[in-house]
Structure formats: structure tokens, C-alpha cells
Amino acid sequence: MKALIDVRPTAEQLALFSRIQPGVEIIRGAAGSGKTTTALLKLRSAIGFYLNRRRRQSEPKAVNVLVLTFNKTLRGYIKELASKQVSQDDAIKLEITTFNAWSRRHVDCSAILTIDQTQTLLESYSRNISADVKFFADEAAYVLGRFPFGQLDEYLSSRRDGRGISPRMERPSRVLLLENVIKPYLNYKKKNNYMDWNDLAIEMYSTLYESYDVIVVDETQDFSANEIRAIMKQSARESTITFVLDSVQKIYSRSFSWAEVGISIRPENSHKLSINYRNTKEIALLAAALLQGVRTDDDGSLPDFSNVERRGSLPLVICGDYISQASYCVEYIKENINLETDSVAFLHPKGWFRDLVPILGQSRLPYKVIQSQSEWPSGEENIALTTFHSAKGLEFDHVFMIGLDGSILNSAKSEDLDYEDTARLRRLVAMGVGRARESVIIGFSKHDMPSISSCLQNVTVRLEL
Ligand SMILES: Nc1ncnc2c1ncn2[C@@H]1O[C@H](COP(=O)(O)OP(=O)(O)OP(=O)(O)O)[C@@H](O)[C@H]1O
């Protein structure tokens, strides 16, 4: 399957890797602004810098390099790209992995709770204290990810940045959360001998396992504070660490601030890429419409369509039953897309493709399900089927998001969604839209319109099937 193309770096990108210096650097920018591309170009320069240094050492050690991604699918994609940047060399020890796989290589654990299992447990404990179960469960996940081991009580008096406005977490609510959600969850884990993602991070933060010279972390916006601390702990004294992020594309509720993890942001070590190279103007306009009114911070960049030069067709919204949507897309592929050169992704919020697969099969269109796959497909198939979450950081020529019915997209009725739910949903769909280079099709049932449908007017063409 096709991955990213080779590019000639622009001046703003070149500036980020032409002179390598040890220390932390942050690369920010909107979707498609070349953050991953630039970070991988920097990876090559940084490895060159440490190889040079190695030549001057009397007992040279291999240059130890770590590239971390958030999910397995992105790991496969980045590995494919990095293989073009980094040559095979015994003097380079290169590890490209997810945080989870990386920490499990070092930490001895038999039973581990996934993020989703943790969320379900936190939601069940939150039911005892509030009707706003999701808000409290999200806050608990944030607290667990933010504070180092044994310091959870600091939450009661610490400043809380980066959360929505309602409901505010005053001290009495924090005590409730700590006593009735977080501590019972910790006890449950202990009693059943479980570890969770945060225990892995804490373990990696407390023990020195590695000493990396070069570290690149992609999609950093979805890492927790403890995970960032763990990564910093495993860096050599004079290492080069690059964090790549765009908080507008954040899809999980956990988050961190640079101050919380002890990293100071200065103009010399933080950069924002400004030009969107991936999307056409029409696709960038749709992404921007979805994100209108969504609050952002310094680490986030709303899509800027003003500096996008490439023009294309208006994104298409198709309304009808799922089989009609799927059949329409398949006919569209057959008539308009050259699968020898172009890639296509079908994205679904829950990864449901049961009804699509036979339609692709009847048309003899080869496809690959790529969610949770840690290797990028090496075959000729240029149609990928995957969840929204697994599509983060990837790129395709054509993106089809069908079956986006309101009941599938929203966990609650539209009128019950609060600001955070709505913003998360809009960020998720905009992130999916932003994967596309050439065309986008969105599809949902006429009888179950998603809450995002109001954002689609004027920036899409609508077709009733
Ligand atoms: N200097 C450049 N000239 C032309 N194309 C470029 C340049 N830099 C990056 N690109 C292209 O822009 C697209 C987006 O790049 P990349 O995936 O690195 O962006 P990103 O900022 O990491 O995106 P996202 O946050 O959405 O994952 C890719 O197709 C890449 O090849």
C-alpha cells in the first residue's frame, strides 16, 4: 500500500533539521503541514550528528534511536517512511514502536488493562458520584496520567489547565473523584493483579532501562504526562528529543501541559509549520468548517485553507441506506480512481465493514483491513479499511467515511452532547477528513443525520441516493 511520497523540504522545514543540537524540540502545525515528514528528515540529520560524534569516541557505542507512535497502525506507516530515511548500519540501533509495546518490552506484566477497559471501569465508579459519568471518568484518566506515583493527593490543590469550562472541578468534587473513583479503581487493579497503561508509564519513569541519543515522538497530543516523563527518563544526557503534535487532532481525553512534565517552551525550541501540503483547498475548507468554534491552545493549529494552493472537487455528502452508500463509493472508485497509483481509505468510527466487504469483493477490488496492524501492508492493495482512531497520522488520496449515522457517531443524543463531547466528535471527523489528498465522501442515513451535518452546508455537495 502506498505511503508518503518523497519531498523537497521547504525553508521552514529545513530550518528545523539543518542544525542539530541536543535538547528538546517541539514541532507543531495543522494536519498535513509536514510535521511527520520534517521529524523524519530531522531523524536522519540527528542520526548523522551522533554518528559523527561516535567516530571521535575511543570506545564507540551504537547510536541509540527511538521513534514512538501512539497506535500500531501509525507505527507500521512510520516504519515504512523511516526505512527510506535511515540506512541499515550496525552503528545505528533503531527502534520504531508504540509506547505500549516499548514499555512492555521492559516491564514485566502478565495482565494489562487496555485504555478502553480502564475507561469502562472509571465510568462505572463515576456513576456513584455524578450523572455526568463521562466527564468524571475522563477527569480520573487525566489525573492518573498526570501525577507521578504516590503524588495523587497533589491533585487536590494543583492548577488544572486544558479542560472544558463545565462542570468546574472545585476541591469538594476533586475529593469525591479521588475517594470514590480513583482509589477504588486502584484497589480493583491491585486486588486483581492488573497493570494499566499508566502503570507502564510510571514503571518506565522510575527505572532506567535505556539511554537513547535520538528520540522522535509522533502524535504527542495523545500521550499523558507520565508517558512523556517516562520517555524523558530514558534519554541520554546529551540527547535530541523531538515531539510532534497538533492538539486540534487530539482524540483521547487525557492530556498534559509542558510545564507539568518539566519542559520549558521557548521560541528557539518550538516551531509551527504553516503550510498545508496535503489537502486541496476544498478539503481544508471542510475540515475548517467542522472545527469552527472548537477551542484550541498553543499546541493546536486550526486548518488554514488560505495558503492551500491545490484545487479539487467539493467533498460529497451522500444520503441513503448503507448498502447504497457503499455501492456508490465502489462505482466511484471504478470510474474515477486509478488504484495502481492512488490510495483509498474507508474510515468508520467503530471499524464496522461487514456490509462493505462483500460489495468490494463482488467488484474484485482488493482491500486490506489495517487497524491494529503493526506492519504497513506490503501488497498491491491500495484500499484500506480502518477505524477513525487508527487513521490518525496516516494519509490517503481518497477518504470515504460512510455509515456516519447520528446513532453510530454519537454516544448520546445530539441534544445531550456537551461542549467537550461535541468538540471531540468534530475533531475526530475533521481529523478523518484531513487524511485526504484529493477527495472526500461522507455518507449517512437520511433518517439518522449526525450532529455534524450542520457543518457540512456550503462546503460540500449533497446527493440523495
Ligand atoms: N516540502 C514539502 N513539499 C511538498 N509536499 C510536502 C512537503 N512536506 C510535506 N509534504 C507532504 O505533505 C503531506 C503531509 O505531510 P505529513 O504527513 O508529514 O504532515 P503532518 O503535519 O504530520 O500531518 P498530520 O498531522 O495530519 O498527520 C504529505 O503528503 C507530505 O509528503
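Quick reminder: no glycine exception, Cβ is built from N, Cα and C everywhere.
All TrEMBL annotations are machine predictions without curation.
From a predicted model like this one, the values you see are computed outputs, not experimental measurements.
The domain 'UvrD-like helicase ATP-binding' annotation in TrEMBL covers 8-280.
Secondary structure at Thr36 (ATP binding site), taken from DSSP and collapsed to helix, strand or coil, is helix. TrEMBL lists Gly29, Ala30, Ala31, Gly32, Ser33, Gly34, Lys35, Thr36 with the feature ATP binding site.
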Reported mean pLDDT - the domain 'UvrD-like helicase ATP-binding' (8-280): 88
Annotated binding-site residues Ala30, Ala31, Gly32, Gly34, Lys35, Thr36, filtered by Cβ under 6 Å to ligand 1: Ala31, Gly32, Gly34, Lys35, Thr36
Proximal but sequence-remote residues of the same chain as Gly29 (ATP binding site) (Cβ under 8 Å, at least 6 apart): Lys35, Asp246, Lys272, Leu273, Ser274, Ser301
Sorted by sequence, non-Gly29, Ala30, Ala31, Gly32, Ser33, Gly34, Lys35, Thr36 residues with Cβ within 8 Å of centre, ATP: Asp246, Leu273, Asn276, Tyr277, Arg278, Ser301
Other CB atoms, at most 10 A from the CB of Ala30 (ATP binding site): 27
Residues that sit under 8 angstroms from Gly32 (ATP binding site) by C-beta distance, when 6+ apart in the chain: Asn276, Tyr277, Arg278, Asn279, Ala284, Pro303, Glu395, Gly434
